[in-house]
Structure formats: structure tokens, C-alpha cells
Amino acid sequence: MSPPSDDAGPGPPRTLSLAARLSFAVGHFLNDLCAGMWFTYLLLFLHSVRGYSSRGAGLLLLLGQVADGLCTPLVGYEADRASCVRCGPRKAWHLAGTVCVLLSFPFIFSPCLGCGEATPEWAALLYYGPFIVVFQFGWAATQIAHLSLIPELVTSDHEKVELTALRYAFTVVANITVYGAAWLLLHLQGSAHGEQDISVGDQLGVQDVPVFRNLALLVVGVGAIFSLLFHLGTKEGHRSQHWGNEPNEHTPLVAPAAQPLLLWKHWLREPAFYQVGMLYMTTRLIVNLSQTYIAMYLTYSLSLPKKFIATIPLVMYLSGFFSSFLMKPVNRRIGRNMTYFTGLLVILAFAAWVALADNLGVAVYGAAVLLGAGCATILVTSLAMTADLIGPHTHSGAFVYGAMSFSDKVANGLAVMAVQSLHPCPSELCCGACISFYHWVMTAVTGGVGVAAALALCSLLIWPIRIRNRDPRDRP
């Protein structure tokens, strides 16, 4: 495969072989494995297993999200400016981020080294802080480098959707791996101790520390293998330092007017940048907050057995996995906006179901299918819309993805901290009031944020995505 050119200007369309598409799609697998644990199990591990306060657990998650949010636009800006002779700037940042994730993530889900029963909570939380910051820097570097490769590798809108859908399909596979491994480790733990099937609230405790530690080690081991496959199979083109490319048989006889570079400061003047940013942020809030609180909802509101913190998220992501394969034909038939709206309707149906049913029982599996399919649909479509926004301006694409992710990470962290601060049982793991608390949290993070996402979508229906023409002389 020849290296892709830098822009989507005149010339042959850039396409990828199946092997190249698959090798690209697995480049975010380590991040997805870690994110599955981070969002689904971090609060549960810190609050229910380690016994830290709900506010302390929320503070650590907020620290991670803010660190990620601050690093993301900086990495995006540097990735647009950087150069690397051997592998290209995006892959160089991807490699640096991967190393940071591998070295830091296992410590987050392990006991505090040197801490004892007399260690104050603030000291233990302080211990986890540096590992979380390093992990989030690495996660941000890997995410932005990987996302910003999409508009550089292919030019066709449908191929961008296909790459994004393949990427999300492996995101689902990663989460299936995490939840399947979690179920297996919990099952093996129960078999080893000959425990009876009792309520999850009674089972989760300090005895589960080895389960989460082993799960984290498994995550980084498997993720490292897939990161290696990405670097071996994905070729990033080296950027030319000159305007334009050498003429070939696809070059028009009369050259079009030169299109000025769209720099990071120019994006800040584009209304479409804020419209897509709001849609992306609300989409990520729905996906991440529902993933963060589903385990708490199952544990404390529905009082389901321990295995459900693995099986229900597994059902969600299996549903999302199968839905991701419908993205390309559905987008082609009804367009981006209607595809997103369809996914949003499914999520609102889930929110209504949760709000109206005090005890779902076996129906929780059906609700999980709805949530998984809806989240997959809106996430893939919002990423495709972001690629549409960037269009041929791939030289500043990493900044766009960085800015989008900054808003989503900080918003997620603040939302989690707000929820944790409102927790009605500050002095114990769960009192009677927290049963309804997590019930309404799940309703709000899907239905309430879903309404905000619908408003953002309406703005794109009224004012479609477009970049205003600028004077070519308007350069720094």
C-alpha cells in the first residue's frame, strides 16, 4: 500500500486493503480495554472493594478526566506539528501513549503499596494520583493519534464511516473481552472458595482485590499485542514540506484556486466546530456515564447477584457490536443525521423503561440490548460527523479531535463528581436512599443528556456542517 497523500485534493481516492483496515482498527484496542475497566469498574473498585468514600472515588475519576481533557488538545496540537522520519507523527505519538498506558494502568487497580489499615484516605488517594495522570496522558495521546489517522488514510465519506465502524467494532470486542474476563475471574474465585450465590452487596469487598488486579494485568497484556499489530500493519504517509503534490494523470489541466491551510485558531471561528463539538460531548456523556453507573445500578438499585456486573455490560456491548455492522448501509440510505436520531430514540426508550420500572428483573437484559445498540449508533455516527467536519483539512485534524475530547472528558469528570457529591450515603457504602438514587442517575444520564443531544442535532439540521471560505492571505 502506497503512503497516503496529505490532503484530499485532486488525485486518486485513497483506499485501504482489508488487512490495512483491520490493522488500523485494532490500534485503539488497548485504550478500549482500559476504558472498559476505567468507566465500568473504577468507582466500584474504589468505593465497594477498597472502601473509599463516594466523594473520594469521584475525585480520583475527576482527576483522571481533567488530566485527559487537558492533555488531549495539547497532544492534538503537537501531533499536527510533529514529524517523525521512521513512522510518521501520528504513529510516534501513538507509541509514546501506549508505553505510558502499559506502565501505569496496572497500579490503578492494585492495592496501595505501603498502605495499611491506619493509612488515612487522603494519603491513599494521593498515591493513586500520579498513576492516573500518566495513564490519562498516554490514553489521550493514543486516542488522538489514532482518530486523526482516519481522514489521512481514506478520502471517501463511506470509507470513513467504515473505518469508524470497524474501530467501534473492536471497541465492542475489547469491552466484551473485559466483561468476559471479569465474569470468568469472579466465577473462578467463587469456585475456589466454594461460595454460595449471595447478594452482590455482601460479596464485593476487600477479598475481590486480586480479581481486579489480575483483570488489569490481563488487559495490558492483551492490549500490548494488538498495539504491536497496529504498528506493524498501518503505514502513515510522510508529509511533504511543499504545497501540493507532483502532477500525475489525475491532475486537472487547469489547477483549482489554492485552498489555504486551516490552522487551529481558524477552527475556533467556525460555528460548525462548536455544533459538532456539542453533539460529540453529549454523545460521550451518554455513553460514558451509562457505562460508569450501570454496575452501581445493578448492584444497589436492582440488588442483582455479583455476576451481573459482568454479564449485563457484556450484553450491552454484544448488542453494540452487531449494530456497528449496520452503520455503513444505514448511513448510506438515510444519512448521518437520521441515523443519529434513530440511535437517540433507542436510548430514550431505554431511559423511559428504566424510569417507569422499579424492578426490571429478567427484563434488564432487554434494556441492556437497547442501551448497547443506541450507544453504538450515536457514537459511530458522531465520530463520522467529526471526520466530515475535518474533511480535507487533515493537517489540523488532531487539534479538532483533541478539542472535542477535551470538552467530553472534562464534562464527564464534572458530571461524575456532581453525582458522587449528591450520594445520599456519605458514611457507608449504600443505605436505603441509594436504591432510588442510582435508579434516577441512570435515567438522567441517558434520558436527560439525550434531550441535550437532540438539541445539538437540531442545530445541525438547521445549519448543516460546512466550513466558511477564507481569504487565502489570512495566514499567520
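Here the Cβ of each residue, glycine as well, is placed from N, Cα and C on the backbone.
Not measured: the values here are computed from a predicted model.
As written in Swiss-Prot, here are the features:
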| type | residues | note |
| --- | --- | --- |
| MOD_RES | Met1 | N-acetylmethionine |
| TOPO_DOM | 1-25 | topological domain 'Cytoplasmic' |
| TRANSMEM | 26-46 | transmembrane segment |
| TOPO_DOM | 47-55 | topological domain 'Lumenal' |
| TRANSMEM | 56-76 | transmembrane segment |
| TOPO_DOM | 77-94 | topological domain 'Cytoplasmic' |
| TRANSMEM | 95-115 | transmembrane segment |
| TOPO_DOM | 116-121 | topological domain 'Lumenal' |
| TRANSMEM | 122-142 | transmembrane segment |
| TOPO_DOM | 143-167 | topological domain 'Cytoplasmic' |
| TRANSMEM | 168-188 | transmembrane segment |
| TOPO_DOM | 189-213 | topological domain 'Lumenal' |
| TRANSMEM | 214-234 | transmembrane segment |
| TOPO_DOM | 235-284 | topological domain 'Cytoplasmic' |
| MOD_RES | Thr251 | phosphothreonine |
| TRANSMEM | 285-305 | transmembrane segment |
| TRANSMEM | 307-327 | transmembrane segment |
| TOPO_DOM | 328-343 | topological domain 'Cytoplasmic' |
| TRANSMEM | 344-364 | transmembrane segment |
| TRANSMEM | 365-385 | transmembrane segment |
| TOPO_DOM | 386-398 | topological domain 'Cytoplasmic' |
| TRANSMEM | 399-419 | transmembrane segment |
| TOPO_DOM | 420-444 | topological domain 'Lumenal' |
| TRANSMEM | 445-465 | transmembrane segment |
| TOPO_DOM | 466-476 | topological domain 'Cytoplasmic' |
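In terms of DSSP secondary structure, the topological domain 'Cytoplasmic' (328-343) contains 16 helix, 0 strand, 0 coil. The stretches the transmembrane segment (365-385) and the transmembrane segment (26-46) are not in mutual contact, being linked by fewer than three Cβ pairs under 8 Å (pairs 6 or more apart in sequence). Among the stretches 26-46, 95-115, 122-142, the one making the largest number of Cβ pairs under 8 Å with the transmembrane segment (214-234) is 26-46. Using DSSP to sort the residues of the topological domain 'Lumenal' (116-121) gives these counts of helix, strand and coil: 1 helix, 0 strand, 5 coil. Same-chain residues lying 6+ beyond the ends of the transmembrane segment (307-327) with a Cβ under 8 Å from its Cβ atoms: 36, 40-41, 44, 161, 164-165, 168-169, 172-173, 175-176, 179-180, 182-183, 186-187, 200, 291, 294-295, 298-299, 339, 364-365, 368-373, 375-377, 380-381, 384.
For the topological domain 'Cytoplasmic' (466-476), the predicted model reports an average pLDDT of 53. Contacts between the transmembrane segment (445-465) and the transmembrane segment (26-46): absent, as fewer than 3 C-beta pairs lie under 8 angstroms at sequence separation of six or more. Tertiary neighbourhood of the transmembrane segment (285-305): same-chain residues 36, 39-44, 48, 61, 197-201, 204, 312-313, 316, 347, 359-360, 364, 371, 375, 378-379, 408, 411-412, 415-416, 419, 430, 434-439, 441-442, 445-446, 449-450, 453, selected by CB-CB distance under 8 Å and a gap of 6+ residues from either end.
Cβ atoms under 8 Å from those of the topological domain 'Lumenal' (116-121) belong to residues 52-53, 56 of the same chain, restricted to positions at least 6 beyond its ends.
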